[in-house]
Amino acid sequence: MNLFYNLTFFFAVISKTHEEASCSDSQDSETNPNTKTQTQTQSLDPVGFIGKSLNDTLKSTILGSKWTPEKGKYSFPLTHGRRYNVAWEDKFNWLRYSPSTDSAFCAPCIAFGECKSSGGYSDKFSSSGMKDWKNAVGAKRGTFLIHQESSGHKDALLKSSNFLQIIGGGEKTSSVVFLRLTKIILRKINR
């Protein structure tokens, strides 16, 4: 019976710790609205995820969120007379823009390892970023399309999809696991 109570206590502590972390985050942003905007920009910038060992929370963040500028508040910088076009994100939902480096990244490739393909395009999407806006889209040298069709990207995309399905059932999965553990414990107690 002690094991059952220990597990119940364990899940209660985890839940409480998660709530406290959420509360402290919201308190910090309530005191200074500028800090909230700056923190959101920094926390969703793909550059902050590169070269790190990503836990499930960080993988979820890079895959499920993206930095989107407020209309009229941000102007994408010009590079050789061209700039990033936020409309590209509609066609390439894996695309993530970094305001700190003015470059584009691939969320699945950042989350699940560096992708490599011929032409060297794919590794840019998970390491240094792609900023050749002239060749981003197009029939001849569409870098985004080349990356999207690469085997490394497709592998990372499959891993991302599986990961999000598992994470999406997080609450349900933990409840099922808890119920199964409870049944096993009760069987052992009744023996």
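Cβ coordinates come from backbone N, Cα and C, glycine included.
Sequence annotations record features per position, and here TrEMBL assigns signal peptide to 1-19. Residues annotated as compositional bias 'Polar residues' in TrEMBL: 23-36. Here TrEMBL flags 23-42 as region 'Disordered'. Summarising the annotation, TrEMBL assigns domain 'TTF-type' to 80-191.
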Field: Number of helical, extended and coil residues in the domain 'TTF-type' (80-191), per DSSP
entry: 65 helix, 10 strand, 37 coil
Message: Limited to the domain 'TTF-type' (80-191), I'd like the whole-number average of pLDDT.
response: 83
